[in-house]
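> Here you go, one structure.
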């Protein structure tokens, strides 16, 4: 095996191990104390799912490196010893789909099951939901694959008659690409009517990946479009709304008293909802009230945190206030850097994807020039831009979850994240990671050309019957840009305002 190929395999193994260790670190530090020393199966699913999502993002830079593995080969056949990227892509995304649609729902149903029931009954209840889902998904996939599981490639029939090989190279010229002007090549003279459609059936794994990509693309367009704006602007306006000075003790007591009243109201509402759940009346109104209580509880926690920042206590109160000021300055710096990345993303989408032909390769050229500076610099920048989109998806889901009733809130908090919130966010990351890769493979098509990802997510996906029109007319990219623009306008108009305290909380009747 060539040195480059061996180095690539070693790097891939080391990165996978590091990703796995880092995800264990996240789980240990983010988990809620109530989940300590229990819920081992959901924890395994969380670590495994986050690892699959991270590896899938890193596989596209690896695919680009793998494409270049034969460049310095010193013997024939070295290219046959590169990584089988197309097989790896299909494996990783089939695993992704199984986790999203089967394993994670099972873990959530099992975790949220009635704790008074035995483990066997909770497993049985979770399996019933998952098996039902599997049967429905299997039937839908089978029917769709049998009916429209084909790709339609637009091709042009080209032909040319033969002629004697010229006795002199002077017979070739720019004005005469064929040696005999009377027998011009049809590649130069073929009319548009010579185009035809070549239809072939795609493989079932590729079809599953394609449909999962469509589902993820819808969520990615919504959450990613909102998040690409609210992720940096949220940090910047958090600095603008920061506490400017420490409040007095009397102000602290007044604010704390109001928060205490709000906490008692929420506890009373939660007890009432728990009582309704035990009686079996879990209707639409009950779910709406649960959503409202979750939202108010999250806002209450934010108010408590803000009050603690404005009135630090203890022997190290001055140090605590200094760290608070530094934290808000860090948010400002990260927000400005994030805003630059967001603007670069939006500009690249418009310049390279929405305008036909593209005005410029833009970020593609940046990555190529960075690769010329140092071999992995462009790859690292490329991976960062992909990961940034995933962070934007999570930020967008959180923002919309606080404002829309039909979106469930699952916040991630250091040392206070329950397993159901972990599982929900892992499922969202996995589902959107497929679309992020497809989006990046398209947006950076010049940089990632001739890769296995380009073959799967470019030619096959964009020629799939019934789906290709979504990509032909850039539906997802346009939705992404429109939502990003609306979010920028929203933050410009209302982002600087401080949230007004809500009145007395009551359940809807």
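Each Cβ is built from the backbone N, Cα and C atoms, and glycine gets one as well.
Grabbed the feature section from TrEMBL, which reads as follows:
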| type | residues | note |
| --- | --- | --- |
| TRANSMEM | 6-28 | transmembrane segment |
| TRANSMEM | 40-60 | transmembrane segment |
| TRANSMEM | 90-111 | transmembrane segment |
| TRANSMEM | 123-148 | transmembrane segment |
| TRANSMEM | 207-240 | transmembrane segment |
| COILED | 256-310 | coiled coil |
| TRANSMEM | 332-355 | transmembrane segment |
| TRANSMEM | 375-402 | transmembrane segment |
| TRANSMEM | 422-447 | transmembrane segment |
| TRANSMEM | 475-494 | transmembrane segment |
> How about the transmembrane segment (90-111) and the transmembrane segment (6-28): do they have 3 or more C-beta pairs under 8 A, pairs 6 or more apart in sequence?
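Contact absent: fewer than 3 Cβ pairs fall under 8 Å.
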> Under 8 Å for C-beta pairs, could you tell me which stretch among 6-28, 40-60, 123-148, 207-240, 422-447 has the largest tally with the transmembrane segment (375-402)?
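If we count Cβ pairs closer than 8 Å to the transmembrane segment (375-402), 207-240 scores highest.
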> As a test: from 6-28, 207-240, 332-355, 422-447, 475-494, pick the stretch that has the greatest number of Cβ pairs under 8 Å with the transmembrane segment (123-148).
207-240
> Compare 6-28, 207-240, 332-355, 422-447, 475-494 by their Cβ pairs under 8 Å to the transmembrane segment (40-60) and return the stretch that comes out on top.
422-447
> Using Cβ atoms and a strict cutoff of less than 8 Å, what residues sit near the transmembrane segment (6-28) while being 6 or more residues removed from its termini?
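Distant contacts of the transmembrane segment (6-28): 43, 46-47, 50-51, 54-55, 58, 62, 65-66, 69, 82-83, 422.
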> Among 207-240, 422-447, 475-494, which stretch has the highest count of C-beta pairs below 8 Å with the transmembrane segment (332-355)?
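The stretch with the most close Cβ contacts to the transmembrane segment (332-355) is 207-240.
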> Residues sitting near the transmembrane segment (475-494): Cβ under 8 Å, six or more positions beyond its termini, same chain?
217-218, 220-222, 224-226, 228-230, 233-234, 237, 342, 346, 349-350, 353-354, 435, 439, 469
> Sequence-remote contacts (6 or more beyond its ends) of the transmembrane segment (207-240), Cβ cut-off under 8 Å?
89-90, 93-94, 96-97, 100, 141, 144-145, 149, 328-329, 331-332, 334-339, 341-342, 345-346, 389, 391-397, 399-400, 428, 431-436, 438-439, 456-457, 460-461, 464, 467, 470, 476, 479-485, 487-488, 491, 495-496
> If you average the pLDDT over the coiled coil (256-310), what number do you get?
81
